[in-house]
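Lifted from TrEMBL, the feature list:
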type	residues	note
BINDING	G37, S38, G39, K40, G41, T42, R150, K193	ATP binding site
BINDING	R63, K84, I85, V86, G111, F112, P113, R114, R154, R165	ribonucleoside 5'-phosphate binding site
BINDING	N118	CMP binding site
Amino acid sequence: MGTVVDAPATTNASKDVSENHLGDKQVTVVFVLGGPGSGKGTQCANIVEHFGFTHLSAGDLLRAEIKSGSENGTMIQNMIKEGKIVPSEVTIKLLQRAMLESENNKFLIDGFPRNEENRAAFEEVTKIVPEFVLFFDCSEEEMEKRLLSRNQGREDDNIDTIRKRFKVFVESSLPVVEYYNSKSKVKKIDAGKPINEVFEDVKGIFSLFA
């Protein structure tokens with residue numbers, strides 16, 4: 001996965017962020033991307049604890065909406081059952097609502113945007129530009145080993161399904177990373193290291209929010 005070059009520091013990040021408003025609320029958004037098994041969930045929890053961010057998972061928000069029994073939730077559930085992809089706008093509205101309802105103004109958005117269409121729609125609908133993208137770079141061999149050994153009862157943790165998930169990540173999500181890298185907005189983490197060492201690197205990136 002080591003295709004992304006570390007981005008140089010950008011001088012106009014503060015300009016972009018100052019324009020990030022949801023209504024009257026100014027927000028800081030960090031996208032968190034990484035392949036399945038890259039450890040981003042564990043590190044998101046650490047960032048929440050140490051740097052006061054709110055962690056928003058697009059998948060969790062969709063599942064919560066389905067569980068709520070709302071009309072929107074029923075529509076989402078039916079689309080998933082039929083094997084259709086939930087439209088970007090639906091996920092984006094859930095993210096917007098979660099950010100507006102939160103008392104916080106610093107957000108980690110985990111596992112989104114999944115593809116270029118998600119990314120373009122998010123920026124178009126919200127007018128929000130991420131402060132940066134935190135990219136957990138990990139070899140497929142290491143991620144495969146982690147997923148097969150974690151044994152958390154996930155039905156999709158078998159070798160064939162895992163490799164399909166890797167393929168989807170490379171084809172769909174890596175172009176998002178490449179796009180933001182071209183804007184000098186990617187902070188790449190070597191996620192193949194032990195958890196504590198990875199978090200030391202994460203802390204270095206998030207120290208400006210301490």
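Cβ from N, Cα, C; glycine included.
Annotations in TrEMBL come from automatic prediction, not curation.
Ranking the binding-site residues S38, N118, R150 by Cα distance from R63 (ribonucleoside 5'-phosphate binding site) puts N118 first. Separation of the C-alpha atoms of K193 (ATP binding site) and P113 (ribonucleoside 5'-phosphate binding site): 25 Å, rounded to the nearest whole number. It is S38 that, of the binding-site residues S38, T42, N118, has its Cβ surrounded by the most other Cβ atoms within 10 Å. In this structure the alpha carbons, written CA, of N118 (CMP binding site) and S38 (ATP binding site) are 21 Å apart. Around K40 (ATP binding site), the C-beta neighbours below 8 angstroms that are at least 6 residues distant in the chain are V32, L33, G34, D110, G111, L134, F136, A191. With respect to their backbone Cα atoms, I85 (ribonucleoside 5'-phosphate binding site) and G41 (ATP binding site) stand 23 Å from each other. Counting other Cβ atoms within 10 Å of each Cβ, the binding-site residues G111, P113 show the lowest value at G111. Each of the binding-site residues R63, R150, K193 was scored by the number of other CB atoms within 10 A of its CB, and the lowest score belongs to R150. If you take the Cα of G39 (ATP binding site) and the Cα of P113 (ribonucleoside 5'-phosphate binding site), they are about 17 angstrom apart, rounded to a whole number. Distance between Cα atoms for P113 (ribonucleoside 5'-phosphate binding site) and G41 (ATP binding site): 15 Å, as a whole number. When the binding-site residues G37, G41 are compared by the number of other CB atoms within 10 angstroms of each CB, G41 has the fewest.
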